[in-house]
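Trainee: Heads up, here are the entries from Swiss-Prot:
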type	residues	note
BINDING	503, 504, 505, 506, 507, 508, 509, 510, 511, 529	ATP binding site
DISULFID	42-95	disulfide bond
DISULFID	138-181	disulfide bond
DOMAIN	202-297	domain 'Fibronectin type-III 1'
DOMAIN	299-403	domain 'Fibronectin type-III 2'
CARBOHYD	135	N-linked glycosylation site
CARBOHYD	174	N-linked glycosylation site
CARBOHYD	217	N-linked glycosylation site
CARBOHYD	270	N-linked glycosylation site
CARBOHYD	305	N-linked glycosylation site
CARBOHYD	373	N-linked glycosylation site
MOD_RES	665	phosphotyrosine
SIGNAL	1-20	signal peptide
TOPO_DOM	21-411	topological domain 'Extracellular'
TOPO_DOM	433-874	topological domain 'Cytoplasmic'
């Protein structure tokens with residue numbers, strides 16, 4: 001009861017409030033001539049500060065031409081003005097006030113705009129056949145009314161005024177003609193837009209035709225030309241396999257859109273395409289033939305007739321080449337691209353070995369004995385990838401194969417031998433029994449206490465513990481005598497080395513921290529480079545020791561020097577593991593240092609003067625190597641080390657070669673190369689010179705200026721050659737001065753003889769270094785020890801048919817035409833390029849340290865871990 005009473009009192013109070021507020025003035029109807037001013041007014045009383053809103057045709061009006069005037073504290077007046085009335089201002093207007101959630105509205109008023117007629121329908125262009133009749137429409141309205149319309153056709157008045165809306169009937173014309181209409185009322189005359197009557201015709205030739213090739217599909221696009229004033233309905237596409245070859249059936253597509261996708265085309269094939277379009281009159285001429293080439297694909301079949309020939313010196317493998325041939329009237333594709341190489345993989349003892357690539361359909365492998373009981377398979381490779389593997393072939397000695405074929409004839413001999421053995425056994429038993437009787441008879445007369453006339457010592461011990469392994473010497477390796485003589489005076493016994501944690505792993509092995517004791521019990525901290533454990537020939541060891549032999553002759557502050565060579569003897573293994581002993585570099589490799597300056601836990605700034613000093617150190621070291629006829633072939637920031645004085649030393653000579661004659665070295669064996677640092681001619685012909693080291697020096701300068709970024713970001717290794725041959729090069733880093741970029745850019749000339757020498761680079765960098773102000777004396781941030789107390793370190797990885805354009809930066813006097821041509825693949829050379837190839841002698845994760853602490857033979861365990869094989873993605 002009390003609740004109902006409260007609601008009743010509230011409603012009474014609300015009604016009293018509603019009755020207490022009201023509009024005292026309302027807007028009134030007005031008819032205004034177009035262009036004049038109009039003003040509407042409202043007055044409201046009952047509220048102290050009411051919010052009065054103007055409405056037009058149900059929408060709020062937001063305008064600066066509104067005014068509010070206070071007549072008294074509870075009486076307000078507002079005005080809405082339009083300075084220049086146009087037709088769009090005509091409509092219904094009123095005022096609104098919100099009070100206690102209710103909307104109070106004034107009575108509406110209409111504004112009518114009077115003027116010359118305004119168009120509701122203007123004449124539009126017309127397309128018609130010649131002589132075909134058609135209608136033209138024109139509609140206009142006031143106020144004021146009435147409105148009459150006059151037609152003009154071809155510049156002449158057609159008939160008299162007719163009421164709006166007006167429809168003009170035209171019997172037909174034979175050529176294009178202009179027209180317009182003129183509506184009039186009491187205020188004046190309006191003139192419509194000028195329309196055109198077009199005569200329909202056949203469409204013209206198409207505009208631009210384009211295509212996009214993706215895998216085995218092509219998306220064809222074209223733009224229509226003049227349509228003949230008639231909408232295009234269909235287009236006809238003709239496709240043929242190259243000019244003059246068989247034409248495929250026509251394809252008719254509805255348009256728009258003006259595109260079509262051809263699917264399932266032949267890979268690595270030439271095609272030609274042309275298009276025409278149709279309207280209701282006829283067809284356009286065909287567009288010119290557009291040629292395109294589908295990309296390569298991985299082969300669809302494996303090589304057949306895979307056989308081997310085993311001799312005492314070598315193993316020869318051969319197989320049939322893949323072809324494209326007609327089979328039952330249908331083209332059967334096997335190769336599906338340009339053959340790049342044949343990939344040979346082999347397995348021995350259940351372990352996969354490094355695959356090999358060969359240009360021809362035959363492989364000659366030396367050292368036939370090491371391939372006994374090995375299984376081989378071969379696959380063909382194009383630029384798109386490798387096809388399926390062939391059936392495996394098991395390599396067995398000829399005697400074993402003959403034994404297998406003759407095994408059935410051995411049963412007779414086996415049975416005969418068994419019979420003979422039984423008879424001999426029975427005879428021996430009889431003889432032994434007789435001999436035993438004679439022995440027993442003789443022992444009865446033996447003197448007691450007599451000495452035994454014969455005694456012996458066991459020639460073999462059955463102790464289960466392995467005996468201590470002897471120290472290995474160079475004589476046990478089977479290397480050539482010159483290399484052995486060169487390393488004899490730097491051979492260090494393994495017992496003088498105490499191996500510690502792993503510093504990093506690379507393609508050819510690992511690097512460990514170690515402590516080297518001398519004969520007088522003093523010692524020093526060193527770094528030991530250890531070859532992988534899967535070596536199985538003296539040639540593998542010889543390759544590693546050649547690097548040490550190179551470094552033995554190096555005596556330069558910017559080239560790492562050799563301390564010695566040691567050999568790790570393995571139980572039950574014929575060959576030891578070579579270990580190269582090098583100075584321990586406190587600050588690690590240059591790439592990791594630069595990377596930590598940007599991305600470390602505590603980033604630090606490296607001045608431009610110090611960056612140039614890094615470049616100078618590397619250039620001086622490389623100048624020293626070039627004077628000694630050494631080609632490094634793997635110059636990069638990751639292979640440059642920082643000693644305790646922050647001087648850079650060129651290191652890692654695993655790919656180095658000494659030039660004995662001429663000025664170039666041709667790569668002729670399987671090796672894994674850092675593609676993004678390799679010069680253009682080296683990628684094409686496997687030729688390496690000092691000028692190719694200059695190219696790599698330019699890339700290293702780019703690494704230094706970008707603080708350790710990876711070169712060619714976004715470009716895959718398999719795309720590098722095509723990227724460079726088009727004239728593209730590394731872009732100028734954001735903070736790199738133009739003069740420094742000009743120096744590094746000069747290192748990337750496509751013509752090797754146009755690149756600067758290392759001595760010239762030193763002169764240029766010294767001039768730049770001299771221009772800079774001396775760096776501050778105190779730069780503690782530069783002396784950052786990347787090693788932490790617990791052995792952990794930060795990770796170092798961040799991981800056309802047109803002719804190439806030879807740009808101005810690489811123009812050089814005397815360039816021969818043949819110097820601009822390179823072969824994509826060198827004939828007769830095994831190809832093995834690819835991968836990101838980042839083997840860094842740098843920080844390791846704590847898990848490796850933990851493993852080396854708890855392993856009884858840390859070397860044998862850790863160096864078994866290998867990085868994934870990196871072969872060119874062909």
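Positions of Cβ are set from backbone N, Cα and C atoms, glycine also.
Could you place the listed features in the three-dimensional structure?
Mentor: Within the same chain, the residues at least 6 positions away from residue 42 (disulfide bond) whose Cβ sits under 8 Å from its Cβ are 23, 25, 26, 27, 52, 54, 77, 78, 79, 95, 106, listed in sequence order.
For the recorded site, residue 138 (disulfide bond), the DSSP three-state label reads strand. All protein chains included, residue 138 (disulfide bond) registers 25 other Cβ atoms within 10 Å of its own Cβ.
The average pLDDT the prediction assigns to the domain 'Fibronectin type-III 1' (202-297) is 87.
Using a 10 Å Cβ-Cβ cutoff, residue 135 (N-linked glycosylation site) registers 9 neighbours.
Under DSSP, residue 174 (N-linked glycosylation site) is assigned to coil, being neither helix nor strand in the three-state scheme. Annotation for residue 174 (N-linked glycosylation site): spatial neighbours 130, 131, 199, criterion Cβ-Cβ under 8 Å with sequence separation of six or more.
Residue 217 (N-linked glycosylation site) falls within a strand segment according to DSSP. Residue 217 (N-linked glycosylation site) has a Cβ environment of 13 other Cβ atoms inside 10 Å.
All chains included, 14 other C-beta atoms sit within 10 angstroms of the C-beta of residue 270 (N-linked glycosylation site).
Secondary structure at residue 305 (N-linked glycosylation site), taken from DSSP and collapsed to helix, strand or coil, is coil. Every protein chain shown contributes to the tally, and the Cβ of residue 305 (N-linked glycosylation site) ends up with 10 other Cβ atoms within 10 Å.
Listed in sequence order, 348, 349, 394, 395, 396 are the same-chain residues six or more apart from residue 373 (N-linked glycosylation site) with CB atoms under 8 A from its CB.
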Trainee: Around residue 509 (ATP binding site), how many other C-beta atoms are within 10 angstroms of its C-beta?
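Mentor: Here the count is 23.
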Trainee: Say we define neighbours as other CB atoms within 10 Å of the CB. Which of the recorded positions 95, 181, 503, 511 has the fewest?
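Mentor: Among the recorded positions 95, 181, 503, 511, the lowest count of other Cβ atoms within 10 Å belongs to 511.
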Trainee: Between the recorded positions 135, 505, 511, which lies closest to residue 305 (N-linked glycosylation site), Cα to Cα?
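Mentor: Out of the listed candidates, the nearest Cα belongs to 505.
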Trainee: Among all protein chains shown, how many Cβ atoms are found within 10 Å of the Cβ of residue 505 (ATP binding site), not counting that one?
Mentor: 22
